[in-house]
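TrEMBL lists 1-230 with the feature domain 'Peptidase M14'. Taken from TrEMBL, the feature active site, proton donor/acceptor applies to E200.
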Amino acid sequence: MHGDETVGREILLHLIDFLVTSYGRDPVITRLLNNTRIHIMPTMNPDGFEATKVPDCYYTPGRYNRNGEDLNRNFPDAFEDNKANIQPETQAVMDWIKNETFVLSANLHGGALVASYTFDNGNPVTGSLKGYSRSPDDDVFIHLAKTYSSNHASMYKGTGCDSRQTFPEGITNGYSWYQLEGGMQDYNYVWGQCFEITLELSCCKYPPEDQLGKFWRDNKVALIEYIKQVHLGVKGQVTDKNGNPIPNAIVEAKGRPHVCPYRTNQHGEYFLLLLPGTYVINATVPGYKSMLKTVEIPDNTGNFSAVKQDFSFPEVSDKISSKVTSCPKTPLYQELSRASAAVKPTVHLLVLMTVVLAIFK
């Protein structure tokens, strides 16, 4: 994302080479590629990279794009009204996210050594008053971050880049580290229905060329193990009485409501990343009665396939709209916070009235 943070760019090129040359020779990579659609974008900010004429470990103007904008502050934000002018690179990525059904992703950075997970921003609804911004899928995000850090050569040690910066087990909640508005990982989770973490891969943002091979070796296993996690949880298809796919159906795990509900794509497909356990999956077609199914989820990452649970709505015909809707790109958690605040006085008033009536009687 930042043009002067070059390690991620380099190791993704190595990853592409490793995957295509290992296919058909390495049984694990072969099974992974046979069962997983993998998209790799080595750089989101090529202009920033080209503008970095003098490498520096700490900072160069190459962090920004050609218009001087920080792309990791440029996305719509779920907590604040981000006033930033959407850049061409950002819009291209937003379109990419909209047109694909991404389930798991990571964006790569430099300047620290840690796996950071959503939320990067927050408000009292997500627990920000306690210094931690918790998503409904916090347990899954912790698992994803630990999967990367524990398989990295040294990230798991949590020592950071200096004595002032330590990260237990090599992971951190983004908001706990520092508050960030307009970041890509929060955007992906809220509006892309995709679990994304941020990987800080090197203390030096633009290291010497002779160190790049070691960075690849340090991250190689972690990258592969992280990609495998896309097969956590449950997936399936929602269909009508004739077996036709139903797009735009809401499919969520009970107790894990997303502020922008997760919906099926144009093929009626849904994907939910969940840790092993028992869950109630709720499928809802607008205008019809919801359908609940209890699902037992094992750890299926080694089998490269999430548990499959389909839903068929016998009362739904193929006349249902095929248009997939999306939530508005507005600060949804800000609106939720206001709604919560508006409810509180009413609750207090009802309690007061109950007490008064009880005493009166």
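For all residues, glycine too, the Cβ spot is worked out from N, Cα and C.
Note on the domain 'Peptidase M14' (1-230): mean pLDDT across this stretch is 96. Of all the Cβ atoms in the protein chains shown, 25 others lie within 10 Å of the Cβ of E200 (active site, proton donor/acceptor).
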